[in-house]
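Per TrEMBL, these features apply:
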BINDING   369, 372, 408, 411  Zn(2+) 1 binding site
BINDING   378, 381, 395, 398  Zn(2+) 2 binding site
DOMAIN    140-306  domain 'Helicase ATP-binding'
DOMAIN    403-582  domain 'Helicase C-terminal'
Ligand code: ADP
Ligand code: ZN
Ligand code: ZN
């Protein structure tokens, strides 16, 4: 038998592995640390895989020297994590290793490294009674050996302050903290708040960093130079060797789900990391995911609640749904209802600020011909092209761009017209209705350049503008005390999603957007414009009572046995030729369906994905459902094996989503 090993995983590019022979009497497992002859000496290595054969000449292969005792150095922990992820998410170990252990890259040093200093430059707030109780509760739970807990606090209840106090204690004990936040809420606000509290001890990760800069941040964790790593999901792989706590703020946020293989769910991976590092995990949210909250309900996860906002006098905003059908009936064709327009004006007159949410960027979501009805579509994807203000048509899936044609490509008429509204159009409308107001727009287009995102938030917080409008980006974590009105322009776009989790997402989004209003002493108000004002989800959102929402959602999921009442796996098969996909799946599905049925599971599909074609590739989805997690993984492996037999040249790309 032979083993593929990786030598010194922290220092080499991890693509490179070496083959060694396993001596007859040696028992070896994937992930074991071993000592191998390497160069002129011996080196520590880790076993990646075990094989019966190798394609090298026998005489060139050396024997593994010995198996080392597991000492749980951080490398070993991270390797075990990669091994676990590889199994859990059906992705090759190499790909998982690349995710877990960043390739080491040299960066040129700019300026001196910050020294380790301990002084609190910013005086900590004294906790409210509610915060103090929660803090004690969490500490007690962890000291009794609870592995995880949920801090469930309404928006503005001061969860961050509780995190900071916990961090302080962990650091005082000489341990380290990973602080996860959704990508987009890593604003100067959160960042400076933490950096001021722990000067010199914080390292940050974010998406605009180069690979070298990321490696540098990670290296500071390994060397002990910093004690806190703050960042989006990949910060969970910080190579701290004495980890004391992992905090995951806004646990429900969708950016925590990886969009590339391994398509991991951060919530689950940090629990594994916590287990390997013997450190507790704290989840925080105002709208916990149904998945997580079902554990609280079952009594498997201790939960600590903050019911009130922390700033004295601040209360949750007043919410109201505006019936847009009525507006139309009464002759108002504007994107603003009369009541929203009036209330915006009122705020402008009083010198208060307004936030407007719209979940579509660009100027208009589609352009079509008024003569033949044809819409302009992306040649590579199964979607319509978005019109942008600069007259360019853009595909929001693949980035394809083209100029707006003068005549219809189908019937040659010149009656092309843009329909619908995106953030750019909303911005122009705002300018014409409120000509004196300062207006900022925040979406992917306006924040493309480095630093632009922070610049907009900074300007708004310094009250250089009255209205901030934008997409999801304006929603998360921001704390602007002068904002007293939040408008959700077109909630129907969110309600119409057909995914079984759509209700949950909509509820979370509405709560988060609304949570931006009235965070200071002045009361806040939220207006939600809708063409289906009686939608049950809106009623639940208006109540601002998570438990009622959860109860409804739970009943619905239970009735249809959706997660968390079952385990569901979405398997996407992706290929450029539709006919080939159909042919292969047609041959293989009867066997797969039979096997899954025999195993007590259910299959659905293959269905075309919601967007069937992206970047010239077709996507078919098969769902499998079972009550048992491990059986789902076995059924998945069976599918992989069967697909390999039919698709001999490995043309079809497979993607798994564990739901
Ligand atoms: P959350 O994360 O729960 O939405 P934050 O931690 O952002 O809430 O806190 C909301 C606001 O309350 C912030 O402006 C913060 O400075 C303030 N705050 C938090 N704790 C206290 C406290 N103990 N006393 C006074 N203000 C507080
Ligand atoms: Zn036409
Ligand atoms: Zn496209």
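Glycine residues also receive a Cβ, built from the backbone N, Cα and C atoms like all the rest.
Small disclaimer: the values here were computed from a predicted structure and weren't measured.
Shown are the binding-site residues 372, 378, 411; the one with the most C-beta atoms within 10 angstroms of its own C-beta is 378. Here the C-alpha separation of residue 381 (Zn(2+) 2 binding site) and residue 408 (Zn(2+) 1 binding site) works out to 19 Å. Between the CA atoms of residue 408 (Zn(2+) 1 binding site) and residue 398 (Zn(2+) 2 binding site) there is a gap of 23 Å, rounded to the nearest whole number. Highlighted in sequence order, 370, 371, 373, 374, 409, 410, 412, 413, 415, 416 have their Cβ within 8 Å of the centre of the Cβ atoms of 369, 372, 408, 411, the residues recorded for Zn(2+) 1, and are not part of that set. The DSSP secondary structure for residue 369 (Zn(2+) 1 binding site) is strand. The closest partner of residue 411 (Zn(2+) 1 binding site) among the binding-site residues, by CA position, is 378; the full candidate set was 378, 395, 398. For the Zn(2+) 2 site, the Cβ centre of 378, 381, 395, 398 serves as reference, and the other residues of the chain with Cβ at most 8 Å from it are 379, 380, 383, 385, 396, 397, 399, 400, 614, 615. Around residue 395 (Zn(2+) 2 binding site), the C-beta neighbours below 8 angstroms that are at least 6 residues distant in the chain are 378, 380, 381, 383, 385, 386, 401.
Ranking the binding-site residues 398, 408 by other CB atoms within 10 A of the CB puts 398 at the bottom.
By the rule that a residue counts when its Cβ sits under 6 Å from some atom of ligand 3, the binding-site residues 369, 372, 408, 411 yield nothing. Each residue in the domain 'Helicase C-terminal' (403-582) has a pLDDT score, and their mean in this model is 92.
Around the Cβ of residue 381 (Zn(2+) 2 binding site), 21 further Cβ atoms fall within 10 Å across all displayed protein chains. Taking a Cβ distance under 6 Å to any atom of ligand 2 as the criterion, the binding-site residues 378, 381, 395, 398 reduce to none. Within the same chain, residues at least six positions away from residue 369 (Zn(2+) 1 binding site) with a Cβ under 8 Å of its Cβ are 375, 408, 410, 411, 413, 415, 416, 417. Rounded to the nearest whole angstrom, the C-alpha distance between residue 398 (Zn(2+) 2 binding site) and residue 372 (Zn(2+) 1 binding site) is 26.
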